[in-house]
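**Q** When I checked TrEMBL for this same protein, it listed these features:
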type	residues	note
DOMAIN	B:28-133	domain 'TolB N-terminal'
REGION	B:421-440	region 'Disordered'
SIGNAL	B:1-21	signal peptide
Amino acid sequence: MNRPEKIGFYASGALHLAVIVLAITGTEWLRPTPQTPEVISQVAVMSEQDFNAMMASAPKDAPQPTPDPKAPIAPTPPNESAPPETPAPEAQAQPEPKPDALADPAAQADAKPDVSNIQEPPAQADVSDTPPVMAPPVEVPSDTVSPEISPQPKPKQVPRVAPTPAPEPPPDAQVSETAKPAETPKPEATPQPVPDKPKQAEAPPEATSEIATEANKTDTPETSAPQASPRPASKPNPPAPGPGGTGSAPTGPPITAGEKDALIVDVKRCWNVGALSSDALRTTVTLSVQMQPDGHPIISSIKLVGSSGGSGSAVDQAFEAGKRAIVRCGADGFPLPPEKYARWKTIEIDFNPDKMRMK
Amino acid sequence: MKRFVLAMMMALLAGPMAAFAQSQEPLHITITDGVIEPLPFAMAGFLPESPDAAQMAQQISKVISDDLTGTGLFREIPKSAYVQKIDTFDTPVNYSDWQAINAQALVVGSVGMSGGKLVVKFRLFDVFSGQQMGDGQQLAASPASWRRLAHKVSDVIYSRITGEGPYFDSRVVFVSESGPKNDRQKRLAVMDYDGANVSYLTDASTIVLAPRFSRDGNKVLYTTFETGFPRIKMLDVATASARLLPDVPGTMTFAPRFSPDGSKIVYSLEQNGNTDLWLMDVASGETQRLTTSPSIETSPSFSPDGKQIVFESDRSGTQQLYIMSASGGDATRISFGDGRYSTPVWSPRGDMIAFTKQNAGRFHIGVMRTDGSEERLLTSSFLDEGPTWSPNGRVIMFTRESPGAQGEAALYSVDISGRNLKKVPTPGPASDPAWSPLLP
């Protein structure tokens, strides 16, 4: 390889490497950083006379605005409660003192994760227990405070005086979806359970006393809710996936050797080979059984998945003996760790009578 | 490039996917140890369908119960523990009631009289599966055959639960002994497998030994000393008439056994101090010499297919077991353990050979596979010998003699697992049992 070839080789290698790095890291870093939206303040032009007239009347309003050091920056009164980080949105918020309507959706966004956490474990609850489960959301009101943290503004709606909660606006629903990922149940189900009324009932005094403030809060909360969404204070009931196994149960750490041994000891004490035929005593069978989370076997699920060493009737006999062992000793439930249910949801058992035959 | 990116993505996904797959895999365990205990069953009684069948129903129930529990494989749950009361043969079974008392099988039956015949109906239920095992059955016979009827029912129950062949409805021919040891009188007797219905086939005028049933159970071969020397006789069980088989003058013949089809007899013939195996055609009386060794060959036994013969020989210096073709020829030694092996008997199932073993001053009944592997000694005593197989190849009956001047022979049976060793009731001392095939 001569010098030009080397140069070409190295150049090609470097370029390839760069391309690979680019492929791995993506091109996000190449994109221009999003610029913060321009803050546009609406200014009204007035004549000097008008200004003087206004100043003349100023003393009347002075008592409240004056104590606020920010008054000059945010002359508009409704913005008092707006987060300081995003003054611009606040400016927009001014003309739209939002009512509880938005405050509630924000609360919904917070509440959804909570609800999902509650609903997740008990898959069975999705069917019938959903309504009652919704009670917990009542405790979530504290989360409504989180909107204060939310930095991103949202287009404001027309101000509403009515303190009653407005119906869930579509945009909120969208926001809620972003907060849902943790939910296993149907996404449609979750929005329903988040009624505004309960939030209102729970709403802390601050929220209810100042409707306008709350409206402002609702502007920001929409997007912030997911970020600040806290987990529920109390955990739901222990996981109780249905017999069919929805797969929502926690996987948990692997089954330990000790736990396996405990299961073996429990099964073998009921594996009676005393009445087995000689042929059956030469037959190894493998049985599969589905388990309930409480450690009880699902009898109807016991099936033969394999055999070796015996004739058809011997396999039948060996299978029956194995099945009896599972049924008898499983009647009290097998000693299995509930938190690892996904690990033992299905159990396969080899019944090998080789040693028993020689006893 | 695309491939590279794809490969990278797959590599990244491989881990989580593997973990997911692992979490979906069933938990796998292997059970190699279990328990060996009688299977508990409940017999809701054989209900009499008429007052005149009441006593018979009770007797039949007892025989069935004794048959099943006598195997050592079953344990009857006392009736006092029953939760459900079954009043009629068609009473629906409440499985949970029987599960509550841990019954794993339930027998419901009835006994009635119809047209002068005894009619027995029964059903068998698998309690834990919650279903009937097989179809219900009805048997009819003359009232005098009520015990056979009961044994037949037991056989069905036993076979359905264990998967083994039946054996209760069978008979045993044996040598009934009486008198002191130095003047022991022996005669042939036959009885049910459980010791009932004993009848005698010969008188005590001569010593008889080693009776063997034909495959159809109609004939018995045995060795008699009525001529002063051992000779083989063939007896018709139905008429108790016997005849000597032809032999060569100046020889002794003994240890006979029928071929599976009953057309031939293999036996030992001693001539000039040498004992060899011979084969005789029953119809023509023609004989064929199977062995020519200068050693002692005796106790031949056919394989179930009639193609091979197992026998004992001291050609190696001590008594050992050998297998050869039924037409003679080279023999293959199959026993290699310490001690002396004798009286081999091929299992009706063809998979095992039972034998007597003498070692270190003790006698044992043992079994081994036909290639000599998996030798297991089932018993041990002062004197155990002469094993015979039950028709299903699951139980072995043999002679056990107690030591001392007052010692006497008795019949014992043992499961081939070595469990359930028990004495078979006989009217007096007994030896040389031979199990019949299953009765028709």
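Counting begins at 1 with the first residue displayed.
Yeah, the Cβs are placed from backbone N, Cα and C, and that goes for glycine too.
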**Q** Residues of the same chain, at least six outside the region 'Disordered' (B:421-440), with any C-beta under 8 angstroms of its C-beta?
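**A** Contacts with the region 'Disordered' (B:421-440): 70, 72, 148, 155, 165-167, 169-178, 186, 189, 191, 193-195, 198, 209-213, 215-217, 220, 348, 378-379, 386, 388-392, 397-401, 408-414.
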**Q** Work out, from DSSP, the number of helix, strand and coil residues along the region 'Disordered' (B:421-440).
**A** 0 helix, 9 strand, 11 coil
**Q** Over the span of the domain 'TolB N-terminal' (B:28-133), how high is the average pLDDT in this prediction?
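**A** On average, pLDDT over the domain 'TolB N-terminal' (B:28-133) sits at 92.
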**Q** List the helix, strand and coil residue totals of the domain 'TolB N-terminal' (B:28-133) as derived from DSSP.
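**A** Helix/strand/coil tally for the domain 'TolB N-terminal' (B:28-133): 29 helix, 40 strand, 37 coil.
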